[in-house]
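Chemist: TrEMBL lists these features:
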type	residues	note
COMPBIAS	297-313	compositional bias 'Polar residues'
REGION	297-323	region 'Disordered'
TRANSMEM	20-46	transmembrane segment
TRANSMEM	58-79	transmembrane segment
TRANSMEM	105-127	transmembrane segment
TRANSMEM	134-158	transmembrane segment
TRANSMEM	170-193	transmembrane segment
TRANSMEM	222-243	transmembrane segment
TRANSMEM	249-268	transmembrane segment
Amino acid sequence: MSSPTNFVGPPTPLPPEVAHIVAIWTEVLLYGVYTCLFLEASYIMLRKRRENIASARVFLITTFLMYILSTAHIVLGLYRMLRAYVWRVEPPAWYFMDFRNWDTVAHNAMLCTMTWLGDALVIYRCWVVWNYNYWVIVIPIILLIFEFASNTMLLVWFTHFGMASPNAVLSWMATIYPLVFVQNIITTGLIGFKIWTQHRSSTANGVIDTSSRLSLVRIFRIVVESAAIYTFQILVLLILYPMQHNAQFIVQSAVIPSIGIVFVLIAVRVHLNKSTTFFTNTTPISEIPNWFESDANSTHSMPTATGSSSATGQPDREKYGNSVDLIPSAGNLLHQV
């Protein structure tokens, strides 16, 4: 029967006892940042979110679930730190990898669940940005299914020793980070590409407000820069895992609050940019995320050119017709973020 300690890597310059305690305090630090951003984003969404917008509700509910899960994970992590370093129930290096303990299983299950929620929400956002086109998210969904299957099988194997050899388990573990990394690159790339192409279309058609700081280009930067936090961490894990370096435990612990930070950071940055921007009736497209304002005229998923009173509005109406939808607004591109 295989032992859970078989999965402890070889000696490295960073001892596992040190890596695990640094990991816990790294997560605590990032959780503090996450809490501040979460409270700010919650205030924004609850105070100014629009009614009857399904995507905004999905994002709001998932954001709260993520924070609850992150809180539970940090509490469990501190409990495990006490058991390993204060009560000394086992040597720390053994204890943290002993899947006979319920808290070890729960700790890893929470990490898996947080990753699934984050990846699923990114896929949902990509689907909405691409005007509910299912074909765009086929590959990300397939990758998410494989990711879910791999994590689930590993949790089962870890709790039922002897069902699989250590080599088989390690082979399955090696597939998780590449799946997550590729899935995030694809979804973030698709979202960024859609926003960028819409900006180019609006520029070519003359439907753009150059006086607004919260432009589509600005939103493109916010989305890509925020998503890069989580993507970079997965890239680091891709490097550390084959090396069996104990620093991977530090990055793993940072992943849970970082996933939540990515989503609330986008909401806060968009709101801060919007609050410093003057919006007038001459703005040809709405640049405001849907949960920030309560304008009933923007409840459709696509804005029309008829709402524009700019100098370019009339030629556009003559060219495309009075009821044609020219381009999605920046708000509609991001109301699900």
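Numbering starts at 1 and runs along the chain as displayed.
Glycine residues also receive a Cβ, built from the backbone N, Cα and C atoms like all the rest.
Automatic, uncurated: that is what TrEMBL annotation is.
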Chemist: Any chance the transmembrane segment (249-268) and the transmembrane segment (170-193) have 3 or more Cβ pairs under 8 A, given the pairs are 6 or more apart in sequence?
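Modeler: They are not in contact.
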Chemist: Can you tell me which parts of the same chain pack against the transmembrane segment (222-243), counting only residues 6+ beyond its ends and a CB-CB cutoff under 8 A?
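Modeler: Counting only partners 6 or more residues beyond its ends, the transmembrane segment (222-243) has Cβ contacts under 8 Å with 118, 122, 173-174, 177-178, 180-181, 184-185, 188, 191-192, 195, 251-252, 254-255, 258-259, 261-262, 265-266, 269-270, 273, 334, 337.
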Chemist: Can you see whether the transmembrane segment (58-79) and the transmembrane segment (20-46) are touching - at least 3 CB pairs under 8 angstroms, only pairs 6 or more apart in sequence?
Modeler: yes
